[in-house]
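Undergrad: Not my notes, these are from TrEMBL:
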DOMAIN    B:95-297  domain 'ABC transmembrane type-1'
TRANSMEM  B:9-27  transmembrane segment
TRANSMEM  B:99-121  transmembrane segment
TRANSMEM  B:142-161  transmembrane segment
TRANSMEM  B:173-191  transmembrane segment
TRANSMEM  B:246-266  transmembrane segment
TRANSMEM  B:278-297  transmembrane segment
């Protein structure tokens, strides 16, 4: 499963991308506090049933909150369960079941206070439930997505301090530990052996029924700690075909359709509400910096100046997105937004190409249909490269094994990523120890900046360290993030409360407890 | 006759086993195993290794094939790799909608195409014949996905006469959702079958023995239906068998457009997830169906037109 987030992953199913990429999975966040521009209109009112169509994973789907991978699985899970924290719309962690967190001076012990919340069966959420949930996620042999993020916790040394306070001991200083608590799949289930066929969580809705690959029904939890949802009932339906989702919405079979193409959105914007969730998917190139030809920084810089970002937004993203500045995480917390925006500069690109000794070179360019737009971007960029006499030989790889293939081999690849905090992007992809380091960026000085950032409680100092890491990547990194696209969802005219600022997979995305029917 | 049937059944069993083994190695040859596919864009080597271990992919392909064939003989097709369900359970669930769609289509297809074919052959070259012949030819050339999208847009979204998809409802509790998919499924086979029947009827009506029974003074209706028709239908039976294969084989496009969770959808999901046991189980079901349907068609053709068969 690709990640769902991936737009397609099975693309059909959407998966998110996660770990790395994007598509697949997905990831994260939401913001709490300021819910962005929700589609407005009047006072919220209670009642009614909302049916939402997502792409899914077929008859093999499960309800295990620790196995979430597809967008629909995340939507289902967030209806039933909570995490200690969730990502806000700027990817900063927002407290959820954790009411507050407080690190020790050395950032290796974190004291988390739980809010007063109860599971659907009436039991309070207690530290033992949190510890048991995390133990289940990291148990040996598991491939659960949150495992790597939570493995920083020294679980045997962590303990409950009273009814609502947990003390986590970490294996290393980690100033942004709440990011790990908000990571995809880090949901809190009741301790003991959870019965996942009739899931009991602490989320805004309680479980009613589930047919894998078909339908999922939940009803309002009046006791929800964050306020009872407006909807009486929520039904998530599966339709892997985008045209079918749109037809179901137009035919009034559903009130919400997830993941539309820009073309459908434009065609139907008169009859339904179109919500373009910004900053949801990053599109780029990955150049392997440890081998020829991209071990010459001049060649990487030549590509930085070659790419016509505006044209890619128009042709690949169909205008539904914004240009990137070669850095991941546009407008997220700690993003270096003050760096001058790069644009196409063919003279400079040519000069750099010459300096790299790569004039007239031919370079293989890997791409595939693993996620929407990868192939189109590769073809467009290879076309742009002709202007400086560089031949990028586009090779279409297998879509099912693409992410694993480009991790191992090749030198230049189309890339994409779902939303995640800068910290996760760096720790998963850019450290010497990162397991999906697809640009082979291994720099001890860069690693040190990251570890220093995680070892300081001084917010200003941390922001400054992030700025330095990004400057280094901007100058000579292996990723070229040329654009960031919107995630498009549509709803019927009477649906209110859909947050239009929340990137896919953040707190306010698919947050049906705040949606109401006018 | 008995000998013929026994031979055909044995041949069918061999065919099914060959398909099973063939599918196994073809799936094996796909790039990326289930572990790589499940890991998706998070190809952390440790995650992939853990998945391989859990899915039993470390065993050799031969080992897994033999084990699987042995279990399959007992009707056990194993567990899905990506979910908690057994393959048998999964296929049974997915088969219900497909069987319903295919059954309904067949139930309408046979009388409709026979009727149209007989009508067209009534006066060869007449006005009715020309209308039926040209419209069936025209409809036959429209691919079903294009037809489906057109019909959904007009009859479901614009006119709202029928539901556009089966999302959120079941085929049995809300039969209106069946109308458009069955209609699309009918269109092309009706064209091919009715044309075959027309041709068969035209030939039969010109034949020596039909002229003979006509001279014997039987009524024209009786001549057509009792004597000409069975001979005309015999060649169409094989075509009908092929249509059944096509219907049961998932009608993947139709299932996707109308969101019907049938065998086609299950197969597409399983291939994408490299869910080997499910793919293999579905291959067995589809191969067995094909063999069974063709066997039945051959036997039926013999019974309908023993003379034609003997003449071969």
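Residue numbering: from 1, along the chain as shown.
Including glycine, each Cβ sits where the backbone N, Cα and C put it.
How about a rundown of where these features are and what they're close to?
TA: Under 8 Å from some Cβ of the transmembrane segment (B:99-121) lie the Cβ atoms of residues 128-129, 132-133, 136, 171-172, 178, 181-182, 185-186, 189-190, 193-198, 200-202, 205, 224-225, 229, 232-233, 236, 240, 243-244, 247-248, 251, 254, 260, 262, all in the same chain and six or more residues away from its ends.
Outside the transmembrane segment (B:142-161) by six or more residues, the chain places 180-181, 183-185, 187-188, 253-254, 257-258 with a CB less than 8 A from a CB of the stretch.
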Undergrad: So if I exclude everything within five residues of the ends of the transmembrane segment (B:9-27), which remaining residues of that chain have a CB under 8 angstroms from its CBs? That is, six or more out.
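TA: Answer is 61, 65, 68-69, 72, 274, 276, 279-280, 283-284, 287-288, 291-292, 295.
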Undergrad: Take the transmembrane segment (B:246-266) and find every residue of the same chain, 6 or more past its ends, with a Cβ under 8 Å from one of its Cβ atoms.
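TA: Distant Cβ neighbours of the transmembrane segment (B:246-266) are 90-91, 93-99, 101-102, 105-106, 144-145, 148-149, 152, 164-167, 171, 177, 180-181, 184-185, 189, 278, 282, 285-286, 289-290, 293.
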Undergrad: May I ask for the residues of the chain that lie six or more residues beyond the transmembrane segment (B:173-191) and have a Cβ under 8 Å from a Cβ within it?
TA: 100-102, 104-105, 108-109, 112-113, 116, 136-137, 139-140, 142, 144, 147-148, 151-152, 155-156, 162-166, 243, 246-247, 251, 254, 257-258, 260
